[in-house]
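Taken from Swiss-Prot, the feature [4Fe-4S] cluster 1 binding site covers C34, C39, C45, S273. The feature domain 'Radical SAM core' is assigned by Swiss-Prot to 46-262. If you look up Swiss-Prot, you'll see C60, C64, C67 marked as [4Fe-4S] cluster 2 binding site.
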Amino acid sequence: MHSKPPWLRAKAPTGEIFNETLNTVKLHGLHTVCEEAACPNIGECWNKRHATVMILGSVCTRACAFCNVATGIPNKLDPHEPENLAKAIKKLNLKYVVITSVDRDDLPDGGASQFIKCIEEIRKITPETTVEILTPDFLNKKGAFEAIAVASPDVYNHNIEMVPRLYARIRPRARYFHSLYLLKMVKQINPKLLTKSGLMVGLGETKEEVLQVMDDLRSAEVDFITIGQYLQPTPKHAKIDRYVTPEEFEHYKYIAYSKGFLVVASSPLTRSSYHAEEDFNRLKACR
């Protein structure tokens, strides 16, 4: 694997609030994408009491070549997960929470009903908390993402992940145009929803391909785009083609704003839920 340039070196996770967040997550039996995906921002986010909770278990039914989450045969759903999640959010006094999940192709609805139960439980136990959901694509799960849109989270996030040319090699079980369709439809079903999508760079894409993804997302009326550097989790994962410079990320940000996105987060360490609360407040101010 390539050695990381200096702009990608994050501080090691330490601190009293970090440990408190970790203990609360473990106490309530929660999984976080911060841990499972080895996110470089875990120290900064957890010290701000920001965490992205991963529901539907910790085992994914897919094996995308960029992702560090375990794959295999998942366990049964935990019926207490929505309540435990809401209690943990209340204990941590989170004003903003991001809920994501593994892919559950084994479930009839892909786990959509569990997302809805989590939204409802949070609204009941800690109604002041803003809820962002980051869902899988629910491919071939009729009515799944539509039902979540009706449940009215504050933000509906679904990552496009990469330019379409790379799908066959890196995420062969996903479909680029299905993801665009999902993003377009949730906005049509619930026009009040703020929609968001994320793109990784450094996998071999061209600038022209990145700009085309921006155009596709704007055609789907996506409000907010995140662009970040792909980092290879282990030697067995997809290789990094190159490290995109901070200056190039700034250029992408400028172009994305010129194309009509309300909020753009574009930097080497940007991830889907990095600074999510601050960006949500900016997004509301733009509307």
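A Cβ is built for glycine as well, from the same backbone N, Cα and C atoms used for every other residue.
Other than the site residues C60, C64, C67, same-chain residues with C-beta atoms no more than 8 angstroms from the centre of those residues' C-beta atoms, the [4Fe-4S] cluster 2 site, are R62, A63, F66, N68, V69, T71, V102, D103, R171. According to its DSSP assignment, S273 ([4Fe-4S] cluster 1 binding site) is coil. Its Cβ placed at the centre, S273 ([4Fe-4S] cluster 1 binding site) has 28 other Cβ atoms within 10 Å. In this structure, the CA atom of C60 ([4Fe-4S] cluster 2 binding site) is 20 Å away from the CA atom of S273 ([4Fe-4S] cluster 1 binding site). Within the same chain, residues at least six positions away from C64 ([4Fe-4S] cluster 2 binding site) with a Cβ under 8 Å of its Cβ are E161, I170, R171, R173, A174.
In the predicted model, the domain 'Radical SAM core' (46-262) shows an average pLDDT of 93. In the three-state DSSP classification, C60 ([4Fe-4S] cluster 2 binding site) falls within a strand. DSSP classifies C67 ([4Fe-4S] cluster 2 binding site) as coil under the three-state reduction.
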